[in-house]
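Student: Annotations per TrEMBL:
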type	residues	note
BINDING	A:C98, A:C103, A:C146, A:C150	[2Fe-2S] cluster binding site
REGION	A:212-250	region 'Disordered'
Amino acid sequence: MSHTEGRIGVPVFLETGQVFDELTHRRAEEIVGRYPVARSALLPLLHLVQSVEGCVSQPGIDFCAEQLDLTAAEVSAVATFYTMYKRRPCGEHLVSVCTNTLCAALGGDAIYSTLSAHLGVGHEETTGEPAEAGAPGTITLEHAECLAACDLAPVLQVDYEYFDEQTPDSALDLVLALQAGGSPTPTRGPALRNFRTAELEIAGIFPDADERVAGPSLAEPTVRGVRDAERTGQHAPPGDDVPIPPLPEK
Amino acid sequence: MTQVATPPAGTPEQEPPGPPPGHVRLTIDGVQVDAPKGELVIRAAERIGTAIPRFCDHPLLDPVGACRQCLVEVEMGGRKMPKPQAACTQTVADGMVVNTQLSSPVAEQAQRSNLEFLLLNHPLDCPICDKGGECPLQNQTLANGPSASRLRDPKRVFTKPIPVSTQILLDRERCVLCQRCTRFSAQIAGDRFIDLLERGSAQQIGINRTEPFQSYFSGNTIQICPVGALTSAAYRFRARPFDLVSTPTTCEHCASGCSLRTDSRAGGITRRLAADDPQVNEEWNCDKGRFAFTYLRQGDRLTQPLVRNADGMLRPASWTDAMAAAARGLLQARDAGGVGVLPGGRVSVTDAYAYAKFARVALRSNDIDFRVRDTPVLDNGAEEAGFLARRVVGRGPGRGGVTHQELEHAPAVLLVGFEPEDESPIVFLRLRKAVRSRGLAVFAVGALATRGLEKLDGTLLPATPGTEPAVLAGLTREGTADTGLGEAAAAARNRLGAALRSAGAVLLVGERAAAVPGLLTAVETLADATGARIGWVPRRAGDRGALEVGAFPTLLPGGRPVTDAAARAEVEAAWGVPVPETPGRDTGGILAAVRDGDLSGLVIGGVDPADLPDPGAALTAVTAASFVVSLEIRASAVTELADVVLPVAAAPEKPGAFMNWEGRMRPFAAVLPEVGRLDEGRVLDTLGVEMDVDLYTQTPAAAAGELGRLGGWPAERTAAAIDPAGPVRSGPPESHGLTPHDKVLTSWRPLLDGGRMTDGEPALAGTARPEVVRLSAASAQALGVVDGAPVTVRGPGGGLTLPVAVTEPMRTDAVWLPARVGGRPLSAWIGTSAGHAVRVMAGAGIGREAR
Amino acid sequence: MADTAVGATAVDGAGAPLTPVLTRRWAAPESWTLASYRELGGYRALPKALGVEPARVTELVKASGLRGRGGAGFPTGMKWSFLPPFDPAAPTPRYLVINADEGEPGTCKDIPMMMADPHSLIEGAIITSYAINAPFCAIYVRGEALHCLRRLAGAVREATAAGYLGRDILGSGYDLEIVVHAGAGAYICGEETALLDSLEGRRGQPRLKPPFPAVAGLYASPTVVNNVETICSVPPIVLHGADWYRSMGTEKSPGSKIYSLSGHVTRPGQYEAPMGTTLRQLLDSAGGMRDGIPLKFFTPGGSSTPIFTAEHLDVPLSFDDVAAAGSMLGTTALMCFNETVSVPWAVWKWLEFYKHESCGKCTPCREGTGWLVQILHRIVTGDGTAEDLDTLTSAAANIAGRSFCALGDAAATPVLSSFKWFRQEYEDLVTGVTPPLVGDRALGAGTVGTGTSTVGAHR
Ligand SMILES: Cc1cc2nc3c(=O)[nH]c(=O)nc-3n(C[C@H](O)[C@H](O)[C@H](O)COP(=O)(O)O)c2cc1C
Ligand code: SF4
Ligand code: FES
């Protein structure tokens with residue numbers, strides 16, 4: 001990261017002229033209904049907004065403010081705090097490369113620079129014309145903080161699905177496939193769709209839940225311990241079904 | 001505070017007794033301190049004279065512990081806490097040992113290193129910063145900061161400065177992210193338009209571009225910002241603090257009477273700040289009070305007397321000639337039919353007294369009334385006059401009056417004809433404080449729930465304008481059957497009815513209540529039935545004092561009833577002249593009498609005809625008068641018509657006092673004595689001499705002395721002497737004629753609406769709320785309009801088109817408009833005012849009519 | 001010392017005693033389904049817990065000695081018992097919030113847990129909610145963990161349909177709703193009070209304590225916040241009792257623990273073993289250090305815990321033993337770095353992380369992390385000075401213990417602990433003995449695991 005970047009400007013949300021449709025309003029209502037206090041729905045609502053626009057725009061801010069009776073400033077305060085809320089529309093896919101220490105030491109930095117060089121974009125930048133944000137084959141690149149898959153390092157995510165144990169070459173192949181409109185299979189997670197669908201699911205709306213829940217999740221390193229135990233006949237001490245003791249006398 | 005020196009080693013008998021109940025005993029820097037439970041260490045230290053450095057801490061804001069400047073070492077039960085603690089969040093405890101920077105090297109080092117962090121990315125631009133010379137960061141850096149920065153890398157730089165409203169600019173490089181501004185706005189004002197944005201080292205204060213920091217209280221953030229991050233368009237680069245002369249003053253803009261500090265330089269005011277006054281404004285004021293002082297240096301300021309010459313032209317004259325002409329004219333008018341006096345509501349107490357005395361002594365009449373407002377005074381003012389005499393005059397703190405501090409502890413407050421945020425912002429802040437800290441229940445009777453009421457978490461008792469008396473009457477009944485109220489409204493009503501019976505409940509009544517027949521009577525009945533107390537909050541700074549000193553047709557100074565012989569006798573003894581015994585006319589009566597030739601002359605103080613219900617009729621009356629003397633600070637529609645115009649001092653140019661709505665004296669010193677303008681007391685005193693009477697009001701001190709000697713008249717005696725109001729008309733004035741297309745107009749003046757006292761401050765004007773028409777959702781739907789669409793409100797005198805703001809809850813048979821639009825009163829647009837029926841249509845001009 | 005590092009071949013001993021309790025279903029077919037969970041003994045603890053009064057469950061967990069798996073190791077039963085007593089006459093809502101925001105660098109146990117065995121979290125959540133009388137439980141899942149969100153939402157659906165959730169659970173009269181809530185990318189939201197603010201729809205900045213969540217947490221109501229692994233440990237304890245649980249681990253750190261091995265390890269992965277297992281044993285199970293290149297340094301529990309060296313291979317990985325050895329057990333995220341990795345480079349990368357994730361609320365962390373990054377960046381690019389080393393350590397020391405929450409302390413940790421063991425590496429960089437690791441002048445930038453001392457890339 002450069003330390004001589006210019007002056008930090010004023011946070012700006014895109015004026016997209018977006019009008020959120022009936023369905024989005026219904027979904028918003030459903031999300032708000034999950035919580036004892038409506039404001040808790042703000043993070044999911046911002047994800048919902050991203051599922052429509054690929055970013056948090058000014059209309060998106062206003063939409064959330066209206067649903068929750070907040071000021072636009074309050075929503076902006078939240079929207080600018082979290083890394084997953086994007087200020088510019090993401091491409092069809094978001095590629096997040098872990099460049100935290102451990103992944104980096106195992107090749108994450110090399111993966112990132114390979115992809116960056118190939119795509120010709122830097123952190124949080126998107127290929128393709130801005131006008132056609134989200135168009136097929138467009139890709140937003142970012143480097144991510146530790147993605148909690150260190151035993152599978154180096155990792156990256158596409159639309160928040162895991163691609164484990166990557167190399168610069170495998171990552172490049174993956175991105176080439178994405179650009180060509182393919183749907184490479186995540187190591188863990190169901191078949192890729194796109195960034196916006198992912199955001200919809202993160203908002204807690206799962207259009208075809210059963211099919212996608214079943215997407216694979218088993219990675220060899222994850223189960224090494226348990227398989228080793230099985231293979232070597234190790235186990236925890238056997239436990240009986242012991243009654244829960246009464247409260248101790250005072 | 002108890003401060004106990006550590007006793008010399010001795011016998012147990014010499015041990016000091018334990019801390020008083022509710023207190024704990026701790027040691028700070030070796031000094032034993034008893035502190036109330038729950039007190040923060042930073043405050044306890046303050047009380048023994050130790051100032052622990054701080055940025056985010058503010059006694060009136062919730063603690064946040066963000067800046068980490070106040071770290072101290074704390075020991076509990078003989079064990080040092082492993083990390084230094086923030087004194088601004090650490091509460092005291094029995095046996096606690098605190099070591100501040102004065103006695104702990106760890107604390108001292110922590111504070112020094114924290115300063116280093118704060119200064120790393122600070123632009124160090126003190127020489128060009130408004131805060132320079134009064135900046136806590138600068139002071140601490142000079143006292144305890146590093147002499148050179150260890151930063152070898154480029155600083156973080158922000159685009160600077162950015163406007164967060166027309167009034168306020170933000171320099172994010174100077175900001176220390178103490179969150180005082182955002183916490184003030186969220187906690188104190190309830191205006192969450194300014195917030196933290198971004199994260200980590202990019203974190204900054206900001207707004208959403210579409211929603212600027214339009215808060216009536218935004219200026220306070222400048223004052224509490226501990227650095228020069230927030231500055232005002234008005235003061236930016238105008239002065240250095242050490243060049244300024246500071247004068248303690250009282251705000252002249254509303255009836256709360258905030259304590260201010262006014263800073264001036266070279267004969268001009270440079271800025272005004274809120275002074276710390278726990279009884280009234282705590283440490284806050286509103287933006288009008290802070291920024292609206294440029295009116296006194298406008299080009300239309302009157303600088304010398306004017307006298308109308310033989311050709312009917314106003315010409316400059318010497319004071320001697322002007323006084324002679326005025327006296328001559330007034331004597332003639334007095335003898336021809338009488339002279340009415342309209343001092344207006346902006347008078348200081350002693351100036352009002354001069355008017356009151358001048359009317360009785362020089363003009364031999366009780367035709368004097370301070371009341372100037374855009375709602376009519378009804379029934380010749382009898383209901384209101386009785387109300388003021390029975391419930392208001394003579395009362396004050398400790399004398400049966402409601403106070404700001406009592407509001408804070410009230411169990412319930414009912415607002416009647418009063419919109420605190422617009423009409424007395426400091427009352428609003430006090431109510432909000434109580435709502436936040438104690439869950440005060442606020443109710444309002446009215447046609448709509450305002451944003452102010454929402455911020456008070458208040459409950460609306462919906463009433464079509466004009467029907468408020470019936471709603472109040474209903475509060476002493478239970479059940480829903482007889483009212484036709486919805487269940488929720490009935491529940492709110494029953495809740496309120498019960499709450500009003502608990503000790504300390506308050507009915508806060510605005511001056512607009514007088515415009516609804518029977519409403520003040522209903523307030524009195526309700527107070528008597530429930531035991532709730534009444535606070536009357538007029539709009540102008542001088543109103544309450546003017547009432548108290550007799551600038552009123554039925555009351556003499558001290559609340560003495562004109563009709564009470566004993567009361568008159570006291571005044572006569574003090575003044576040495578007879579006092580007329582017939583009650584005078586009220587403002588409307590005086591103007592009507594002049595128009596009809598029953599009165600010949602007028603003495604008019606700071607009265608803007610636009611502030612009267614029918615400005616046209618008022619000007620007709622002034623034109624009709626045979627002789628008019630105007631005492632004014634700036635040229636106006638009245639001075640245009642006057643025969644003699646006498647320029648007088650504005651509030652900052654004279655010493656004096658206002659009496660605020662509580663009945664509390666709010667003295668102020670002259671900020672700009674050097675301009676040499678005369679106050680009204682002095683002018684009237686001189687005029688009196690020309691007319692052969694002595695007022696003894698040549699100085700405020702002299703007038704105040706006489707007022708003091710005159711003393712009060714027990715409130716109960718005033719009340720007893722005034723007949724309870726007879727049966728009064730009730731119901732909306734034109735309810736019979738209402739068609740489904742008509743709505744009853746409700747209206748008041750927003751705090752910022754282009755009034756003349758805010759002239760010359762465009763940055764302030766830019767923070768006014770947008771002018772809108774408020775309609776209920778059902779009304780808007782019936783019209784087929786959505787939020788923001790234009791609608792036209794039509795009255796007998798014309799139509800007015802503004803965007804609609806859909807408002808809920810709101811009565812469907814009501815419509816709200818600001819009482820001034822584009823700087824002109826509503827009557828000038830639509831020929832009618834609050835309480836009357838108007839027609840509402842979609843679009844500009846002709847459109848669908850609302851049901 | 002660091003250079004006597006132990007490689008795979010040098011590891012002797014019998015490996016770690018593997019005790020899959022939490023992980024035991026992970027490799028089962030369709031392990032995430034209700035059917036599979038039940039088949040493998042799931043939802044047997046729940047009716048048992050519902051059959052006794054809630055306080056007995058709390059008491060049992062207390063007796064088991066279970067300590068929080070989120071990093072701080074606070075005794076779980078004690079935390080539950082801090083809630084003000086439940087008054088059925090004046091019920092104030094109380095809440096369970098599950099911290100599934102896993103983001104501490106190196107930590108990678110909760111996400112596989114939620115993916116592979118979501119029902120064990122749900123069962124633990126229901127039992128815990130019942131123990132504290134909570135009608136509502138929120139699972140705050142890291143936003144990027146999309147597949148976990150799916151699995152958990154699916155598990156909630158299945159459990160509700162099966163009568164384990166919702167109204168009158170298993171006829172007990174107890175009602176509970178669980179909401180699966182996604183975060184939005186902010187490490188600080190793992191800190192429990194920041195998590196609560198975030199869950200309330202605010203910026204995730206830590207709150208002032210006291211009041212502690214147990215008194216005023218979510219929506220200012222009494223709230224328990226526990227880590228995923230902690231909650232997943234509850235059903236087995238309910239099923240088999242405290243003594244059984246205490247038969248694993250150490251006296252003060254009982255139970256079974258998921259150890260996450262990552263880095264230059266032959267077979268990285270999740271190894272569940274009793275508390276107090278050593279890295280030497282775990283490495284042995286994991287096939288030792290990769291390619292035989294010796295271990296240089298490791299974190300016992302994520303980047304926020306002071307680094308250890310090969311000297312510490314035999315420290316029992318329990319809360320107290322690790323603390324006694326000068327670090328913290330944290331999340332047992334054992335990131336193992338071999339001799340090829342430059343310590344100043346690793347520390348710089350970690351500081352980039354802390355700077356990125358600092359919430360901005362308090363001065364030392366907001367300003368300090370940025371400054372540390374600036375200095376470290378200069379050091380690794382060959383522009384550092386001897387003076388910088390003093391500035392670096394004193395700035396780190398000035399953050400530690402002064403910040404509002406533990407993130408500031410955590411940020412200072414890599415700097416301070418690396419200076420303890422590897423100061424020479426910094427000196428060699430500023431004196432030019434070691435060439436720049438990053439930047440235009442770096443030789444072989446981007447080469448990884450080559451056995452040379454250079455690792456790094458542009459960031
Ligand atoms: C900066 C920071 C990040 C944290 N991240 C997590 C986290 O991702 N998951 C977690 O369970 N606890 C995390 N914690 C610890 C929590 O604050 C809290 O101690 C824990 O959730 C309590 O659960 P436990 O008692 O079950 O361990 C974090 C703490 C800090 C200071
Ligand atoms: S602008 Fe001023 S008041 Fe606001 S956070 Fe910054 S330093 Fe504090
Ligand atoms: S004054 Fe105490 S932390 Fe800011």
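Using N, Cα and C of the backbone, Cβ positions are placed for all residues, glycine too.
In terms of burial and nearby residues, how do these features look in this structure?
Tutor: A:C150 ([2Fe-2S] cluster binding site) carries a helical DSSP state (H, G or I).
Among residues of the same chain six or more beyond the region 'Disordered' (A:212-250), those with a C-beta under 8 A of the stretch's C-beta atoms are 151-152, 161, 164, 186-191, 201, 206.
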Student: How many neighbouring Cβ atoms, not counting its own, are there within 10 Å of the Cβ of A:C146 ([2Fe-2S] cluster binding site)?
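Tutor: Other Cβ atoms within 10 Å of A:C146 ([2Fe-2S] cluster binding site): 30.
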Student: Provide the three-state DSSP residue tally for the region 'Disordered' (A:212-250): helix first, then strand, then coil.
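Tutor: Per-class counts: 15 helix, 0 strand, 24 coil.
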Student: Quick one: of A:C98, A:C103, A:C150, which binding-site residues have a CB closer than 8 A to some CB in chain C?
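Tutor: Contact set vs C: A:C150.
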Student: Write out the long-range same-chain contacts of A:C150 ([2Fe-2S] cluster binding site), meaning residues 6 or more apart in sequence whose Cβ is under 8 Å from its Cβ.
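Tutor: Listed in sequence order: A:L102, A:C103.
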